[in-house]
Amino acid sequence: MCGILAVLGCADDTQGKRVRVLELSRRLKHRGPDWSGMHQVGDCYLSHQRLAIIDPASGDQPLYNEDKSIVVTVNGEIYNHEQLRAQLSSHTFRTGSDCEVIAHLYEEHGENFIDMLDGVFSFVLLDTRDNSFIAARDAIGVTPLYIGWGIDGSVWISSEMKGLNDDCEHFEIFPPGHLYSSKQGGFKRWYNPPWFSEVIPSVPYDPLALRKAFEKAVVKRLMTDVPFGVLLSGGLDSSLVAAVTVRHLAGTKAAKRWGTKLHSFCVGLEGSPDLKAAKEVANYLGTMHHEFTFTVQDGIDAIEDVIYHTETYDVTTIRASTPMFLMSRKIKSLGVKMVISGEGSDEIFGGYLYFHKAPNKEELHRETCQKIKALHQYDCLRANKATSAWGLEARVPFLDKEFINEAMSIDPEWKMIRPDLGRIEKWVLRKAFDDEEQPFLPKHILYRQKEQFSDGVGYSWIDGLKAHAESNVTDKMMSNAKFIYPHNTPTTKEAYCYRMIFERFFPQNSAILTVPGGPSVACSTAKAVEWDAQWSGNLDPSGRAALGVHLSAYEQEHLPATIMAGTSKKPRMIEVAAPGVAIES
C-alpha cells in the first residue's frame, strides 16, 4: 500500500506550502519506500509515496491522462485494470500501472465511474481544466483515508492521520464507499449493495457458489510483479486463503515469475496455538513456511510504535496489531512486499464466539452488517497500517465486493450456530470447502474453533499486557479517568495506558473522535452485549470473554457446567458449555 497526501485550494505562500506538503508527505514514507512524487498546479498539491507492486519500473505517481490535464494520486490495487484498459482502447497509457485507468475513466465518465473499479483504493483526482477535484475510498475501507479542512479554506486528504492532524482545524475519517466532490461540496455514497440496508435476505445456501466466489476473490489477488506470500495462523480463514492460493497459483503470471512454491508466515509466542496449527497446515499444503516468535516484552516494547502507526487507542486493535507489526518487519526483511490475509470472514459469517448467543437470524444478520460497516475502524485498519508500517501490502480476499454480495445474500438462518444440527460458527464457509474427494484442509483444521489473532498468538500475550498496564496506571489515575478523558473514557488500566500514548502523538479532539468506543465482549458491537446477561460484567474484547463458549474462557465461576482439569490458575477445559464446538487438539 502506498501513501497519498493532497492539499487543495490553500491560500498560503506557494513555496512555503510546497515545503510543508513535502515535509508532511515524508511522514508517510514508511507506506511507500520505493518512490516519492509531487505535482503542483497553482494552490493544489498532490504527493505520493510509492510501494511498487505492479509495474515497478514505470508506474511512479502521480499519474496523468494524455495531456496531463488530469492528475491522480492513488493508493490501492485495481484488479480489473486489464479489462478496463480494453474498454479504453482510444486512450494512450503512459505506464503499466493498474491505477492509471482512473484518469482515463474520469475523462470518459466524469465522476460516475467509481463502481466500475474492482479493487481496493483511495485516490485524489485533480482536473486542472477547472481546478476541481474528487476523492474516493473503496467500498469497505480496506485502504485508510482521512479528510481535513484548513482555516484558510484548504481541503486536506491523507492516507494516514499523521499527514494532516497538525495543519487542519478539523479532520475526520473519510467514509468508506464514498466520493467527495469539490463541485458538489460534500460526500455522496457510491457503494450501495443490497445488504447495506440490512433487509433480511432469503437466498438458499449454495455451498458451491460460495466456494467459487471465494476462489475467484483469491485468484484476483495473485496479481503482482513482486515476491509475495500468505499470512497463516492455522485458523480457518488464513488456512483457506493458503489452500486456495496453493491450488490456483500454478499457471499465473506470479508463478511464472516467482515459482509455484508458496511462502507462508506465522507469528506467536513460543508454544502458542497459532504456531502449532500453522505448521501443521503448512506441512499439509507444502508451503515454504516461516515461523517467527516474539516475547511479551518484545511486544510491550513495540506498543508506542504500534499506536503511532495504527493511529488508534482501541484495545483489541492494539493487542492484535502488535504481533502483526513485529511479523511484518521480519517478512519485509526477506524481500517480500505483498501478503494475502484472512480478515473479514468473521464479520461476514458471524464467526466471533459471541455469535453463539445470537437470539435469532434477524439479529445475527443485522450484527454482521454492522460489523462489516465498522471494519475500516478495526481489522482493516490493523491489517493495513501494521503491515504498511514496514512497506508491506496486505490483501484481503474475504472483503472482495463480489464475494461479500454472494455471502451476504444467504438466508442468515444458515449462519446461525446450531449445535443440535452440528453447526458451529462459520459453518456455511467450512461446509463450502469440505470436499471429500479433493480436500482443501484436514477436517480438524477446517472445523477448528475460532481464535482471535490476539489470543491465538499466545494467551499470555494479553495477560502480559494487562500486567504491564497494572504496573503503570494507578487506581487514583483510574478514579479520575472520566475527567481526563470524558470521551470514550477508559474503563481498564490497559485502555488508559493506550489512551495516554495515543494523545501524546495525536492530541487533537478530531483525532480522539476517529476511534470508536462503547461496551464490547469478544469483539461484539454494543448491541450484541445484550445477548447474554453475564457479559455485561466481563467486558473484554478477547475471545476468552465469551463465557460458556470459548474453551479457555477467563472465569471458572461463570461456567458451572464446564468441567475443569488440573489446578493451575488457568485450567484446561475438557468439556464446554456449548456442545458442538470443535475442540482444538
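Glycine too: its Cβ is placed from the backbone N, Cα and C atoms.
Per TrEMBL, the feature domain 'Glutamine amidotransferase type-2' maps to 2-185. For CYS2, the entry in TrEMBL reads active site, for GATase activity. Feature annotation from TrEMBL assigns L-glutamine binding site to ASP98. Taken from TrEMBL, the feature ATP binding site covers LEU231, VAL267, SER341, GLY342. Summarising the annotation, TrEMBL assigns site 'Important for beta-aspartyl-AMP intermediate formation' to GLU343.
Taking the Cβ of the residue listed as 'active site, for GATase activity' as centre and 10 Å as the limit, one finds 27 other Cβ atoms among all the protein chains shown. If you check the recorded positions CYS2, ASP98, GLU343 against VAL267 (ATP binding site), none has a Cα inside 10 Å of its Cα. Taking only the Cα positions, the spacing between GLU343 (site 'Important for beta-aspartyl-AMP intermediate formation') and LEU231 (ATP binding site) is 10 angstrom. Cα to Cα, LEU231 (ATP binding site) and CYS2 (active site, for GATase activity) are separated by 20 Å. Distances between the Cα of ASP98 (L-glutamine binding site) and those of the recorded positions CYS2, SER341, GLY342 are shortest for CYS2. GLY342 (ATP binding site) sits 21 Å from the residue listed as 'active site, for GATase activity', counting Cα to Cα. The two recorded residues CYS2 (active site, for GATase activity) and SER341 (ATP binding site) have their Cα atoms spaced 18 Å from each other.
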